[in-house]
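Scroll down for the structure; my scribbles are underneath it.
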């Protein structure tokens, strides 16, 4: 069984069934070699799981205490009575309400743009024949190596010249396309979209746009959903360019958290409440779509 | 495979329905094959033009946006790195040649930042990837609630750099910090995680390790699941135990994936920025009182936006890029060697 046979159904699985259950097929696929886990495996995994979750759980504890209490030894281990007071303080003092709204707009727009453009380009690279296609694909992959630091100085100068500093389009436009997304969609469509389908539509006289709308999008839908989730997480957590382009007047969540961390509000309990609030939307997304996100990362990885 | 077949069937039927709903009955009358040349040649010309141009139209958005917000800025950064550009006076940009680079080469802070980036890169990447392989190996067993385990391992990935670092700052605090308190139980004196060199570098690395280990574990897990099971069967027939199977089947088969994660982690480590910035609190861009955890990314931000020397910041950015290119070339060489030796 090759890699390529193994992965697409997994992702499809993940995109169609949410929630627990439905792992049966995956188990069957790997059944030949998979050994049952012993108790030691569970214990070691539990330790790693605890390390993964403990800092987040402790954030809730710290956010429910006072600044004074957090400076004392031993550190608090159970929830205190100040959670809502601190959440309210973080919400008001760090402009987290504005920040959440801004982050939703920014990450939402970037997600729509990235998924749309990646699907179009991924389809072209996967199924259409044109000159220099393999060279252009290689170039696309190569762009992933360029660190964001290489763009921020000119972008900053241009944005201030345009009078765009502190406006949301400043952080949306540079992130609207993704090389990773293009490659991800290409790898998916190579296998998930039979060329005969496209040819059949062509024979019926369908234009390229029609083919995209009626053949490519329906076939790509599961991968588009997964790419959307991954993109949203990345866009929500983007840090370097937003803290340069925006300030506390009109922040995204990460800009607001940066202000909190650099002494904007010198109260550790409020800072923890802010960190908790800023992470909450993604934690909820992980609760709802964790399985799809896991499937997407594994799908993207195997091709890389 | 049923679900994928369903999806295909769906898309097939919608594709069939599409042209029918158009007043394009004449086109269908041509039957199978491309529209023939002839009286309605404008249509076939349009069709051929569509076939030729559409691939470029589909990839155009990516290349236009990348060009405008990636490639052109990259070149401009090189241009600015040869100029004196001050944040306080953006209109006046004077040519200074290689002065910004010379300035860097003679700066202790630059070499310090380079060394810190390397040290933090190594102590965050090596343990991270080793642990990730171990976790992936465990996740590859038949587990109860396998999806739950995977999601839990990935949870730190949902936490942003900013949120995670703010929490870790508190966990690592000198007095009242959770980590010093826990160390006290095993008889270790409180560590000054912020001021000591190795302590702060370890602390910054631990944030990276915490956020990325689960992610890399999933990447390894995906690769492990793609290893053909007959390899294990024949190894078992040869009398290889579990450890030997892991050592002689799993690890060699993972080699391309390991190389991939090393490259990705190296790129990430070279750009490391948010963790040290927020770990330092109010004066974070200095990377500690002795610059002990100031990375290249942080040094660039400090020079550009705190000190206000955008020309020098551009020179730092390009130096980073050159270092990455060298790393990539070395990686390529190693890959070639590995391929040849196989």
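All residue numbers here begin at 1 and follow the chain in the order shown.
Just so it is clear, glycine is given a Cβ too, placed from its N, Cα and C backbone atoms.
Going by TrEMBL, these are the annotated features:
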- A:1-10: compositional bias 'Polar residues' (COMPBIAS)
- A:100-289: domain 'ABC transmembrane type-1' (DOMAIN)
- A:1-26: region 'Disordered' (REGION)
- A:35-58: transmembrane segment (TRANSMEM)
- A:105-126: transmembrane segment (TRANSMEM)
- A:135-159: transmembrane segment (TRANSMEM)
- A:171-190: transmembrane segment (TRANSMEM)
- A:211-236: transmembrane segment (TRANSMEM)
- A:269-289: transmembrane segment (TRANSMEM)
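Here the transmembrane segment (A:35-58) has long-range neighbours at 279, 283, meaning same-chain residues at least 6 beyond its ends whose C-beta is under 8 angstroms from one of its own. A contact links the transmembrane segment (A:105-126) to the transmembrane segment (A:211-236), because at least 3 Cβ pairs that are 6 or more residues apart lie under 8 A. When Cβ-Cβ distances below 8 Å are used as the criterion, the transmembrane segment (A:269-289) is approached by residues 18, 56, 59-60, 62-67, 69-70, 82-83, 86-87, 89-91, 93-94, 96, 99-100, 103-104, 229, 232-233, 236-237, 253-254, 256-257, 260-261 of the same chain, each at least six residues removed from its ends.
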